[in-house]
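Asker: For reference, TrEMBL lists these features for the protein:
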type	residues	note
BINDING	318, 324, 325, 354, 495	UDP-alpha-D-glucose binding site
BINDING	496, 520	Mn(2+) binding site
DOMAIN	33-107	domain 'Cellulose synthase RING-type zinc finger'
TRANSMEM	235-254	transmembrane segment
TRANSMEM	260-279	transmembrane segment
TRANSMEM	832-857	transmembrane segment
TRANSMEM	869-887	transmembrane segment
TRANSMEM	907-927	transmembrane segment
TRANSMEM	948-969	transmembrane segment
TRANSMEM	989-1007	transmembrane segment
TRANSMEM	1019-1039	transmembrane segment
């Protein structure tokens, strides 16, 4: 291990000895109690249950005895379902509790006064207890459905917390705030909890009670699509499915004998299209929207005068080549992260430089210095977005809602400082274009360790944070960490997935936040409260533990107004993803996603214990094999000793990981590093075998005791007593190139290897384990990024995505056969199957787009003459397709232009990028041939959207251009033939022309992209396309498959009119 003290940059290659054995042992004070010693705590809020007035333990449900405290019981009866969370039996009224609708009409004279007396001093009775309880945890869908109540062995304590409500008053406005409080008072008066005659003396206390009631409410809720919109949509889907069945019945039983090959090809293509439609349509069967309540999140976890209990978050930014990914864009992303609306001590930003570039290293140093002025400016004036490049370039009234007298002056000064900062970054980029012969040298004269990008040590540099520089106001800033993993020849580094896994390990050693936000370097935070939006789900006491990630939609800047090449992907993000959110959750799309750390570690989600069965008298009490008396007690007593021995390390909730049982992490640190020992003296054989199993953690996670210790901390945090220097050295070790050897990294842990689209594969593995995900769409887009808007770059982007899908299809993780019988829901599996088979649609799509031209050139058609009854099915099919699209637009809010652009690019990408991806994937996986398509750029225009007209030659352009030429030639030939043959030939021509124009209209944006601004198509594209079209036409004429072959003598007309 070498430590470079110059500028605080740590570098080195840490190779731990193979013969070194570490044994991890739990500390005595962190052991979990056995079942017999667990105190009686509320399984809803985690506080003590308490006792009744007669000194007996309070029991809410007399049927199953499920432990619930008095405040939770009262709240459940007044606001919830009035049923026990465990057995779903209606609660009976206890003495002293107010009656609610549905109570039995039993009369108890002892509590007559309690029942009818108006409680004037409500705060004197239960305010102290109530403020320490969080009552009624919402179910997964945000409702109060107790059928889905999940309980855990260890209670999750959520205390209702109250923040100063002045901020909420400012947000809502005094009139709205008073109206909101008055409505709450009316509800309380109806329940008999507030007296109207008390006056205004207790207004402050009532407002406090109101805030407490707000804090107890769910942090989010489902917003189902109205039945008036979704029911017709589902009905039309079913009708369309029935119409498809009758349509194929007609098509198969009515072949076109005069064009049998064309008919057969068209039927096969249509069947494939129908299957693709089913895979795409049915996962959208039950779309939902979600709504978050950020004010309740603050009330619950940010109480003034008490420690902030919001969960820490580690943010990952990945970069490869700063010359292709401009440092100024990465700097803006980092600045938006550092100025996010979240506690500064709970945010840590990690920037991965997989190209080991000194340019990015120096740019981050400049960014950290500029952040000292930018961050306080953003928070003082609450500006949005907090990426300076995009804030200063937006064309809006920046004075709106700004009341600070110095805002204009400070904004001008900040804009000038940003422009100076930008000039310094541009100067760095200009200097980096020409690398010195001796390599780069740092400011102190030390050679840059990453001069050889393929052979360099790991590097870590920590900026800002609690031990770094403060901002200009003297306040702490979030920590910023530069990471460049070690690379050596002969090692497989797995591109972006390997870099992301390295950041997971580094962050676990240095900060170990329980949640992680993943961003691309060109995706900045557009909504400073985006992390809070995700926390509304991840910190939900009921749903949060089952979530693997919260996915946000991708939104983009710099797209042309008409979105010629469907760069925004509106249909996917606003229709498909909302449909998946109603099943098991959206797929992971590679950026804008907040992860739950245990899900990336390969654990299964926590599963509730099976509730004890109801006792019955069907067997005698001495019988041990009855229906109510299994062997569970005996088995539990056997395991009690082991659980008692291992304490916190082995909690009662177990998880399956990589085919073996791994325990769910307990709360807090499981053991100290100093307790790692070589031997097991003092333990019997059972204890020794249990402790020996700890070596499995090293086989799974790697040879790092600090990292292994971090995986056992459910709520994150670092081991006590470890200095920062030791942690940085350990971080260097976990990013060494050989660390992942003989471990499960990339197989079952972290980002999964094996495909260039590691995002789809990683999310798929999590969903197969039973995790759920959530789609969060805030009103203000959470993140924004950039997308290629010129034709060639867009096609290459789609090519990479399609190639990754083909690789997954040809791997063992293919959803067609992987993890059947597991926890992946059927509709979710259909969605994943659709994501990996869609590139293969390019083959039938290419054939189907060629058929119209062939029909026009030969005079044949794929459909025989239609009778009136058969034409009904064609008309019904077209109407059902239109109705499905219209109703889909109606419930989703997507515009018809976005839908049309998506349809157009489906054809453009299908006959070009998807087609090449299929063959490239087959060559790569089956033959081991890695084929790359090079892109050569020409000069771009400096005007707005100039990149839209930038042309780059690529072989992907040849198939669509050939199709356009073929269909245009076919249209000319068909019309000419109809003119020569007279009026009777125009009728059959219309069907052929319709299909030909269908192809041309869908390829029209591609044609405009070829023409460019000067309306000129490159000569090489024209030559290739004309050549292919000519060869195809000549071969077709030579074969002429529809001309009957004569075997007898050739008969010629003699010319005599007989």
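Note that Cβ sites are derived from N, Cα and C of the backbone, with glycine treated the same way.
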Asker: Find the one among the binding-site residues 318, 324, 325, 354, 495 whose C-alpha lies closest to that of residue 520 (Mn(2+) binding site).
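Answerer: For residue 520 (Mn(2+) binding site), the closest Cα among 318, 324, 325, 354, 495 is found at 318.
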Asker: Measuring Cα to Cα, how many Å separate residue 354 (UDP-alpha-D-glucose binding site) from residue 496 (Mn(2+) binding site)?
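Answerer: Per the Cα atoms, residue 354 (UDP-alpha-D-glucose binding site) and residue 496 (Mn(2+) binding site) stand 8 Å apart.
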Asker: Near residue 325 (UDP-alpha-D-glucose binding site), how many other Cβ atoms are within 10 Å of its Cβ?
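Answerer: Its Cβ shell of radius 10 Å holds 18 other Cβ atoms.
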Asker: Quick check on the binding-site residues: of 324, 495, 496, whose CB has the lowest count of neighbouring CB atoms inside 10 Å?
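Answerer: Result for the binding-site residues 324, 495, 496: minimum number of other Cβ atoms within 10 Å at 324.
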Asker: As a test: from 869-887, 907-927, 989-1007, pick the stretch that has the greatest number of Cβ pairs under 8 Å with the transmembrane segment (235-254).
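Answerer: Out of the listed stretches, 869-887 contacts the transmembrane segment (235-254) most.
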Asker: Determine, to the nearest whole angstrom, how far the Cα atom of residue 324 (UDP-alpha-D-glucose binding site) is from the Cα atom of residue 496 (Mn(2+) binding site).
Answerer: 15
Asker: Quick check: which same-chain residues outside 318, 324, 325, 354, 495 lie with their CB within 8 A of the centre of the UDP-alpha-D-glucose site CB atoms?
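Answerer: Close Cβ neighbours, site residues excluded: 319, 320, 321, 355, 496, 499, 521.
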Asker: In sequence order, what residues of the same chain, 6+ apart, have a Cβ less than 8 Å from the Cβ of residue 318 (UDP-alpha-D-glucose binding site)?
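Answerer: Residue 318 (UDP-alpha-D-glucose binding site) has long-range Cβ partners 352, 354, 496, 499, 500, 503, 518, 519, 520, 521.
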Asker: With a Cβ cut-off under 8 Å, give me the same-chain residues at least six positions beyond the ends of the transmembrane segment (989-1007) that come close to it.
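Answerer: Long-range Cβ neighbours of the transmembrane segment (989-1007): 564-565, 791, 849, 851-853, 855-856, 861, 863, 901, 903-905, 907-908, 911, 960-961, 963-964, 967-968, 970-971, 974-975, 977-978.
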Asker: For the transmembrane segment (907-927), what are the same-chain contacts with Cβ under 8 Å, counting residues 6+ beyond its ends?
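Answerer: Residues 565, 795-796, 798-799, 802-803, 805-807, 809-811, 838-843, 845-846, 849, 933, 955-957, 959-960, 963, 999, 1002-1003, 1005-1006.
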Asker: Please report the number of other Cβ atoms within 10 Å of the Cβ of residue 520 (Mn(2+) binding site).
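Answerer: The Cβ of residue 520 (Mn(2+) binding site) has 22 Cβ neighbours within 10 Å.
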Asker: Could you give the mean pLDDT over the domain 'Cellulose synthase RING-type zinc finger' (33-107), rounded to a whole number?
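Answerer: Value for the domain 'Cellulose synthase RING-type zinc finger' (33-107), mean pLDDT as a whole number: 71.
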Asker: Run through the Cβ atoms and count how many others sit within 10 Å of the one on residue 354 (UDP-alpha-D-glucose binding site).
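Answerer: Summing over all protein chains shown, residue 354 (UDP-alpha-D-glucose binding site) has 22 other Cβ atoms within 10 Å.
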Asker: With UDP-alpha-D-glucose as the bound species and 318, 324, 325, 354, 495 as its recorded binding residues, calculate the greatest Cα-Cα distance and give it in Å as a whole number.
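Answerer: That value is 16 Å for the farthest Cα pair.
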